[in-house]
Amino acid sequence: MEILNSLLTVFQPLPILAIFIGTLVGIIIGALPGLSSTMGVALLFPIAFKISGISGILMLLGIYIGSVYGGSISAILLNTPGTPASACTVFEGYPMTKRGEGGKALFISTFASFTGGIISCIMLIWASPFLAKFALKFGAPEYFTLGLFGLSIISGISGKSLLLGFISCLLGLIISIIGLDPFTGYLRFTFGSMYLAGGISFIPVLIGVLACAPIFVALQENDSPNIVSNAKIKDILPKRNEIKKITIPMVRSGILGTIIGAIPGAGGDIAAFVSYNETKRFSKTPEKFGTGCIEGIAAPEAGNNAVTGGAMIPLLSLGIPGDSVTAILIGAFMSKGLQPGPLLFKDNLPQVYIIFIGLFIANIFMLILGLLGIKFSVKVTKVPRYILTPLILVLCVLGSFAINNNIIDLVVLLVSSIIGYFMIKAKFPMSPMILGIILGPMVENNLRRALIMSDGNALIFFSRPISFTLILLSVITLILPIALDKIKKNKNKNIK
């Protein structure tokens with residue numbers, strides 16, 4: 001009966017309109033480089049506060065879901081990730097756009113995002129208590145080994161040279177430790193500049209190496225042909241064998257993304273990279289990754305969108321935010337008289353059902369808006385490159401500056417663009433560096449916390465079941481691609 005009442009409450013004009021507007025605004029925010037889900041939810045929080053009832057919360061959920069998906073649009077069409085979580089989508093999405101298959105790439109991204117979102121909603125309802133208890137078992141040793149597991153996937157994303165991949169990752173880790181030491185308070189690698197005391201802002205680096213640097217290379221090589229992507233139904237719909245290819249990666253990534261999202265502090269960017277690597281590892285043709293592989297779009301998009309439901313698990317069950325967006329959502333809940341945590345299910349069960357239903361509806365709106373928008377989105381690729389390239393650079397500059405309204409972020413953008421340019425010319429892979437920047441703080445901080453807990457005894461990582469399992473997985477993930485590559489080379493030698 002309570003579910004029926006919740007359904008009737010949601011299917012009123014105001015809640016439905018709130019979800020629709022939130023999802024639409026979220027997609028637009030996500031598609032603009034530099035504007036994250038957190039920024040979108042924070043900016044519209046005052047408006048949500050003024051909307052009566054629970055409709056304000058539903059609007060914020062729509063923004064959250066829409067913005068995570070929206071990042072893939074610019075990643076695929078412009079080679080510029082709208083959000084950090086869509087950085088992985090660039091690797092396969094833009095090569096498809098260059099082949100004239102931007103419409104198909106957007107369709108796969110939209111459908112995978114919807115699939116990941118729905119899987120996370122189902123798991124949120126079904127496994128919320130279990131996953132929340134599992135996530136609570138994560139202490140510093142577990143977070144460190146989780147970060148280590150994330151770093152171990154560099155062997156799978158380093159391309160032809162593992163050494164260059166390790167160097168690229170090391171550069172990312174060095175960038176991540178610039179600024180104030182969180183334990184001692186000493187300044188590291190700031191070279192006397194107080195502007196660097198707060199560390200290097202991630203978004204300008206991401207935009208610099210993944211968006212600006214390739215543009216500079218293309219301009220220098222005069223390799224900037226006009227790209228035309230089709231938006232006809234027959235051109236954007238994947239074939240039957242392609243649907244088979246992406247089904248298992250989408251489902252697997254949806255489950256992985258939900259579990260990762262349920263771990264506080266592990267966001268969509270980590271889920272995307274892990275999902276991408278696992279799909280590449282299980283693929284029969286891993287050598288095709290990086291050339292416009294549809295599984296390489298479906299997996300990270302399903303993974304990072306599944307985080308939206310996963311992050312709600314500790315929020316609703318325990319009152320602990322799963323990421324920065326759900327930290328803002330706690331304030332929204334409390335402003336409406338709802339206290340997230342175990343008592344929420346006891347005292348406000350109808351409102352919990354409304355949130356569950358709202359998440360489903362937001363994902364449906366995201367699917368509809370995403371599919372309808374493909375026809376208009378691909379028109380971006382028909383704009384002449386001499387017009388589009390300056391526009392992309394302007395968006396990159398605005399996106400980098402908008403984060404902190406700090407001119408130093410523009411300097412970071414310029415420097416990272418130059419570094420990225422020389423890395424591309426020297427055939428260095430970019431993804432390990434991005435991975436190092438993302439996971440660096442998580443690995444360093446939790447390594448030091450764990451060693452403080454154990455008085456410097458490293459056995460703490462092997463004496464706890466979860467951390468020990470993650471270490472084993474890290475070793476397997478690091479060594480397996482190298483071993484398989486050697487076996488493949490030996491087979492080829494024998495054939496010759």
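Using the three backbone atoms N, Cα and C, a Cβ is placed for every residue, glycine included.
Given the structure is predicted, the values throughout are model-derived calculations rather than measurements.
Positions annotated as domain 'DUF112' by TrEMBL: 16-435. What TrEMBL records for 16-45, 105-126, 138-157, 163-183, 195-219, 353-374, 386-403, 410-439, 459-484 is transmembrane segment.
Within the same chain, residues 151, 154-155, 157, 189-190, 196-200, 205, 419, 423, 426-441, 443-445, 448 sit at least 6 positions outside the transmembrane segment (163-183) and bring their C-beta atoms closer than 8 Å to a C-beta of that stretch. Beyond the ends of the transmembrane segment (195-219), by six or more residues, the same chain brings 33-34, 36, 78-81, 84, 87, 90, 175-176, 178-180, 187, 189, 389, 392-393, 396, 399-400, 403-404, 406, 408-410, 412-421, 423-425, 430, 433-434, 437-438 to within a C-beta distance below 8 angstroms of the stretch.
Pairs of Cβ atoms less than 8 Å apart link the transmembrane segment (410-439) most often to 386-403, out of 16-45, 105-126, 353-374, 386-403.
Listed as Cβ neighbours of the transmembrane segment (16-45) (distance under 8 Å, sequence separation of 6 or more from its ends, same chain) are residues 10, 51, 55-56, 58-74, 78, 80-86, 203, 207, 211, 268, 324-325, 328-329, 331-332, 358, 361-362, 365-366, 369-370, 373, 395-396, 398-403. Per-residue pLDDT, averaged along the domain 'DUF112' (16-435), amounts to 82 for this model.
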